[in-house]
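If you check TrEMBL, you get these features:
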- Lys152, Gln215, Gly247, Asp278, Lys421: UTP binding site (BINDING)
- His248: substrate binding site (BINDING)
Amino acid sequence: MSLTVADLTRGAMTEFQEKLRQQHEESMHRELEALLSTANKVEAESPVGHANTWYTRSVTRVWPVGELQVNNPEISRKDFDGFKKIFHRFLQVKGPSVDWPKINRPPEESIQPYEKIRAKGLPDNITACLNKLAVVKLNGGLGTSMGCKGPKSLISVRNENTFLDLTVQQIEHLNKTFSADVPLVLMNSFNTDEETKKILQKYKHHRVNIHTFNQSRYPRINKESLLPIASNMGMSGENAEAWYPPGHGDIYASFYNSGLLDKLIAEGKEYIFVSNIDNLGATVDLFILQHLMSQPADRRCEFIMEVTDKTRADVKGGTLIQYEDHLRLLEIAQVPKAHVDEFKSVTKFKIFNTNNLWISLPAIKRLHEKNAMDLEIIVNPKTLDGGLNVIQLETAVGAAIKSFDNALGVNVPRSRFLPVKTSSDLLLVMSNLYSLDAGSLTMSKKREFPTTPHVKLGSSFTKVQEFLARFENIPDMLELDHLTVSGDVTFGKNVSLKGTVIIIANHGDRIDIPAGAMLENKIVSGNLRILDH
């Protein structure tokens, strides 16, 4: 059989690409070692903590400023070992990580309706189940997208309560009601760790043990050279933008490396319930917990992903598919360009991932020690303030579903997905649509239909402070279907909004909705000023 010129060219290209990959990898390893050698020199430089430690009510290990282990060489080396693995896989994989024709809808039994799980009821001793659970909240994000400094979890969302306050209240209520010991675990990042730890002091008399551990700190890499942009291990000055927390898929490695995973297993914990701290619907569900605990030992479910029905607002959310005989999370970033519209279809992919996950602790330990979690890499391009193009290599926590035994999706009510990403979301959760009880928000019984109104606030409302200044108090929204507000608009006291309301102040105009106004199925535009006499 003779070789064609094309075959020879292809072979030469593959060999060339392989050499290039090796070169990139060797260069990266050299750069990382050079960075590690600077760790001790800048150890006292920054007061930003990167201690993989835990804080509890009874024992506090908080590092003094200046000794915070931002550049602890041992922790940095573990971080870099994780980064080397993800970088190696990044160089190996080219193009979309799924072969589209192989994608199938999940078999019916692999996604259970929540009603079926709820119908099984609860055992007499639910306390025994709760004592095998820990709650993990993903707390690595900042409030910058909502115009706030510091951790997003410290933004006030309801009656002066922050996301963190509500979380602590929920778990404390659970522990008191059932005489249980469910601890709260916060996965912080180097961006949120120090400020979160300061705030935790205020909960020391609450009936909840609080632990923290830190996500890894990975180097941003130059898009062209594929080398780190950091000049040393410091985190200020020229290096302020050189690092990033690598997405919530990092939970498995950083949880294990912190020692906290082993500590919880030793305390008899079997499962963690993981969710985003800004999802106010993600409370501990006793029926799902009981379902996990009641499985036979040989068919123990190691991973449950809560999914919910997709609406037009959720078209970019990851979905569950059957792929090569495994349940798998498919994210929009993995979809070939030609199939993006199909992915967004509400008819083909009817559900999406809420990122409320129930995961077996012994299974995390087993899979991590075997290096058996193959999480798809999300390449996140960024342009820094100076115009430099960099990439961040990230992973998603839900992507590990394919590695766990007897994994399951549970199709839950929409009420378990109540994220606050924007001021439009904030308006909803601050309004009378929801009532607050022991840290949990539930849809008001006075609302006649269970769907949430569609709210779209313009750019004048983006920052929380500006948003609050535009409302004398939050309008009555019990009968609202749709609200769009654009431009310079303010709301007086006791305004009531019903049906579809659209308020548009054109550039240079201002609209003041007067106190006590009732707008039902109205479009308001033009200029309306109310001035003090």
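Note that Cβ sites are derived from N, Cα and C of the backbone, with glycine treated the same way.
All features noted in TrEMBL, drawn onto the structure.
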| residue | record | Cβ neighbours (10 Å) |
| --- | --- | --- |
| Lys152 | UTP binding site | 24 |
| Gln215 | UTP binding site | 29 |
| Gly247 | UTP binding site | 24 |
| His248 | substrate binding site | 25 |
| Asp278 | UTP binding site | 22 |
| Lys421 | UTP binding site | 14 |
- Message: If I take the alpha carbons of Asp278 (UTP binding site) and His248 (substrate binding site), what is the distance between them in whole Å?
- Response: 14
- Which whole-number value in Å describes the distance between the Cα atoms of Gln215 (UTP binding site) and His248 (substrate binding site)? 8
- Query: What is the interatomic distance between the Cα atoms of Lys152 (UTP binding site) and the residue listed as 'substrate binding site', given in whole Å?
  - Reply: 15
- Message: For the C-alpha pair, I'd like the distance in angstrom between the residue listed as 'substrate binding site' and Lys421 (UTP binding site), rounded off.
- Response: 16
